[in-house]
Amino acid sequence: MGCSWLSCHRREATEVDGEIAAIDNVKIYKYREIRQATDDFSAENKIGEGGFGSVYKGCLKDGKLAAIKVLSAESRQGVKEFLTEINVISEIQHENLVKLYGCCVEGNHRILVYNFLENNSLDKTLLAGGYTRSGIQFDWSSRANICVGVAKGLAFLHEEVRPHIIHRDIKASNILLDKYLSPKISDFGLARLMPPNMTHVSTRVAGTIGYLAPEYAVRGQLTRKADIYSFGVLLMEIVSGRSNKNTRLPTEYQYLLERAWELYERNELVDLVDSGLNGVFDAEEACRYLKIGLLCTQDSPKLRPSMSTVVRLLTGEKDIDYKKISRPGLISDFMDLKVRGPVATKTEQVNRQNYTNPSSSSNGSSRDHSNAYSSGASSANAGNTFSSTI
């Protein structure tokens, strides 16, 4: 027999309260504290909105600035992600992960309190036009540090935490930046724990097209190599300064991975580097980063390096075996997602001069990314994302 919305909601609230109570190292905030911190959730303090609620900037009683994510009461799917995020992030700390201050589970309120990060996310800054739109200067040194920082954060999740953690939604909008442009991986609502002695987990596919590894998107088989694929896409976005998909570009330039492979085969990868750097970058290092991106996005998961190896490759501690670089795996090889265009003949630099990054270009997700702290569950419900078992 089914239950009424009210009785189901009460049972759900009780279950959430029970799970939160079982977590020892999570600070529980009173709802009135949250109201005071946000000036009663004033419009001036609202910094974003996603499919599962809103995010506010707040000042806690101890003077700390916080990003306060309020889960919508109408969202039932979001409760699962709410609990997942608390369970995952409350147990771990790393300089390249967001820090959870605590939560509020008073009555029907479900609120997460994070450290506030001043410079938003990569998709709202670098991929939205860089300095021109965000006021942030992403020189080559800053980009390299961001790439290495994200890689270190993922290596920590994949290899140092027990059980290992697969993030499942690595993308530009989930990489937040502090005032020093140090990257923090955020949004653990879709994260999965990898039990010991298991090679993969079969699960409902969730994430964002453009970052999804083909074997995961098509078969639902999740391993750490799916995160590594997503990182490879992100790495190429950071170096090129463009999203993995940009429909405002000519057809032959729209898909970043295909473009990178074409240029790699012609030994012209340097043409993919962001022209916004005005030639002020280490060409050898930039091309090495792009080749690492190709390594991470190879069709066979077994050929993708581990994240600790990626860190060593990025920092130059390990040389790239160029013989191991093969064509990247593309979902479009398995599913009819797009119409292919002709092979490009012009260089990327000419293309970059004629077609700059528009603010409306797509990075694989159709939702408003003004909410850099929005729940990963939103990704699963965006118009161009997967959210079904395949």
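Note that Cβ sites are derived from N, Cα and C of the backbone, with glycine treated the same way.
According to Swiss-Prot, the active site, proton acceptor annotation covers Asp169, on the basis of sequence analysis. What Swiss-Prot records for Ile47, Gly48, Glu49, Gly50, Gly51, Phe52, Gly53, Ser54, Val55, Lys69 is ATP binding site, and it gives sequence analysis as the kind of evidence. Residues or ranges marked as compositional bias 'Low complexity' by Swiss-Prot: 354-390. What Swiss-Prot records for 41-320 is domain 'Protein kinase', and it gives sequence analysis as the kind of evidence. Look at Swiss-Prot and you will find Tyr114, Tyr216 tagged as phosphotyrosine, backed by similarity to another entry. Look at Swiss-Prot and you will find Ser173, Ser202 tagged as phosphoserine, backed by similarity to another entry. Taken from Swiss-Prot, the feature phosphothreonine covers Thr203, Thr208. Residues or ranges marked as region 'Disordered' by Swiss-Prot: 345-390.
Under the DSSP three-state reduction, Tyr216 (phosphotyrosine) is assigned to helix. The secondary structure of Thr208 (phosphothreonine), as reduced to three states from DSSP, is coil rather than helix or strand. When the neighbouring Cβ atoms lying within 10 Å are counted for each of the recorded positions (Glu49, Asp169), the highest count belongs to Asp169.
Cβ contacts within 10 Å of Ile47 (ATP binding site), excluding its own Cβ and spanning all protein chains shown: 18. You'll find the Cα of Asp169 (active site, proton acceptor) roughly 21 Å from the Cα of Ile47 (ATP binding site). Nearest by CA distance to Glu49 (ATP binding site), out of the modified residues Tyr114, Thr208, Tyr216, is Tyr114. Closest in space to Tyr216 (phosphotyrosine), of the binding-site residues given as Ile47, Gly53, Val55, is Gly53, taking the CA atom of each residue. Val55 (ATP binding site) has Tyr114 as its nearest neighbour among the modified residues Tyr114, Ser173, Thr208, going by CA to CA distance.
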